[in-house]
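*Asks:* From TrEMBL, here are the annotated features:
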- K10: active site (ACT_SITE)
- D130: active site (ACT_SITE)
- P91, A92, A93, A94, G95, I96, G97, G98, G99, S100, S101: ATP binding site (BINDING)
- 67-129: domain 'GHMP kinase N-terminal' (DOMAIN)
- 204-265: domain 'GHMP kinase C-terminal' (DOMAIN)
Amino acid sequence: MTVEAFAPAKINLTLHVTGQREDGYHLLDSLVVFADAGDRLGFAPAGNLTLTVTGPRAAGVPSDGRNLVLKAAALFGAGRGAAITLDKHLPAAAGIGGGSSDAAAALRGLSQLWGLPLPDAAAVLSLGADVPVCLAPRALRMRGVGEEIAEGPRLPSMGLVLVNPGVEVPTPAVFKALARKDNPPMPHPPGWATAAVMAHWLRDQRNDLEAPARALAPVIGEVLAAIAATPGCLLARMSGSGATCFGIYDNRTEAEAAAAALRAQAQGWWVAAAEPFTL
Ligand SMILES: C[C@](O)(CO)[C@H](O)COP(=O)(O)OP(=O)(O)OC[C@H]1O[C@@H](n2ccc(N)nc2=O)[C@H](O)[C@@H]1O
Ligand SMILES: Nc1ncnc2c1ncn2[C@@H]1O[C@H](COP(=O)(O)OP(=O)(O)OP(=O)(O)O)[C@@H](O)[C@H]1O
């Protein structure tokens with residue numbers, strides 16, 4: 001039996017940083033959604049545990065114990081075998097949870113292959129702050145350092161564009177560069193009938209990591225301006241700690257047109273058109 005799992009891109013439509021714990025981790029309030037652009041994983045029975053990394057974004061992604069997929073496998077206990085394939089389509093360290101979503105998909109896939117329950121919440125969080133929210137991909141409100149997950153609002157239909165300019169922005173450096181860590185939390189997200197109404201509400205919210213990330217990688221400002229200038233763009237914002245930015249459109253057709261225009265004008269940028277994904 002071979003098991004397959006999809007690792008969708010994680011998008012922070014909002015990311016309010018509301019405080020900082022003694023251990024240095026920041027307290028967040030974030031509306032998280034997922035996109036149908038992502039990595040694909042396969043799991044086959046085998047005597048040993050192996051990982052093969054393929055795909056257009058495989059360069060630089062480790063296939064040894066540093067890979068979050070193998071760290072996820074280790075949570076089920078030593079001595080279990082599986083031949084794992086990871087087909088990378090998402091840029092790494094890009095603010096869209098590339099490795100974190102892979103780790104969550106690996107937990108789901110190996111739980112099915114091995115017939116074992118998922119590891120407990122603390123073990124999942126030990127893989128990284130973004131892994132809990134990626135475990136059951138749908139619209140969610142994420143608080144705490146990433147461990148408090150609550151149902152999010154019903155989303156309207158919409159199109160999305162994801163753009164990464166090819167610069168890696170280290171998450172710790174962005175958090176460190178934050179001017180203020182005690183920013184206002186996010187109001188309760190009400191749910192919206194259309195993408196335009198949702199974008200109007202989102203415009204009054206924030207990604208508090210956008211300013212420090214732009215200071216570290218000014219090209220993020222160019223990406224945001226290029227997305228905002230595309231026809232039909234309802235909102236342009238950075239996701240997570242960057243450098244990937246997203247645009248929201250009324251529908252996928254408009255998002256595909258915007259993606260084509262962005263690919264034509266910015267050689268070397270990673271551009272994907274997508275729609276919200278729910279597992
Ligand atoms: C920015 C977000 O992507 C938003 O979803 C996440 O908060 C970051 O999730 P992540 O990349 O999985 O983060 P981790 O790999 O767990 O932590 C990387 C580093 O980011 C900083 N970090 C992360 C999460 C958090 N709530 N506060 C932090 O200060 C810490 O310095 C940590 O050492
Ligand atoms: N499965 C994986 N895919 C990509 N990178 C991985 C993976 N496992 C480990 N890494 C390493 O983790 C580093 C962080 O990239 P990754 O995509 O995991 O960031 P993330 O924390 O999941 O996402 P974000 O950029 O949103 O914080 C990469 O530079 C890479 O060396």
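Each residue, glycine too, has its Cβ placed from N, Cα and C.
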*Asks:* With the ATP site defined by P91, A92, A93, A94, G95, I96, G97, G98, G99, S100, S101, which remaining residues of that chain have Cβ atoms positioned within 8 Å of the Cβ centroid?
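*Replies:* Once P91, A92, A93, A94, G95, I96, G97, G98, G99, S100, S101 are set aside, the remaining close residues are A9, K10, L90, G240, T244.
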*Asks:* Limited to the domain 'GHMP kinase C-terminal' (204-265), I'd like the whole-number average of pLDDT.
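*Replies:* On average, pLDDT over the domain 'GHMP kinase C-terminal' (204-265) sits at 98.
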*Asks:* Rank the binding-site residues P91, G95, G97, G99 by the number of other Cβ atoms within 10 Å of each Cβ, and give the residue at the low end.
*Replies:* P91
*Asks:* Look up K10 (active site) in the DSSP assignment and reduce it to helix, strand or coil.
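*Replies:* In three-state terms, K10 (active site) counts as strand.
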*Asks:* If one measures from the C-alpha of S101 (ATP binding site) to the C-alpha of K10 (active site), what distance in angstrom results, rounded to a whole number?
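*Replies:* Spelling it out, the Cα of S101 (ATP binding site) and the Cα of K10 (active site) are 7 Å apart.
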*Asks:* About how far apart, in whole Å, are the alpha carbons (Cα) of P91 (ATP binding site) and K10 (active site)?
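*Replies:* Just about 12 Å between their Cα atoms.
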*Asks:* Tell me the Cβ contacts of K10 (active site) under 8 Å, same chain only and six or more apart in sequence, or just say none.
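*Replies:* The answer is V32, F34, I96, G97, S100, S101, D130, V133, C134, P137, S239, G240.
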*Asks:* Including all protein chains shown, what's the count of other C-beta atoms within 10 A of the C-beta of D130 (active site)?
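*Replies:* If we count other Cβ atoms within 10 Å of D130 (active site), we arrive at 26.
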*Asks:* Under a threshold of 6 Å between Cβ and any atom of ligand 2, which of the binding-site residues P91, G95, G99 are retained?
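*Replies:* Cβ < 6 Å from ligand 2, in sequence order: G95, G99.
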*Asks:* Within the chain of A93 (ATP binding site), which residues six or more apart in sequence place their C-beta under 8 angstroms from its C-beta?
*Replies:* G99, E168, V169, P170, T171
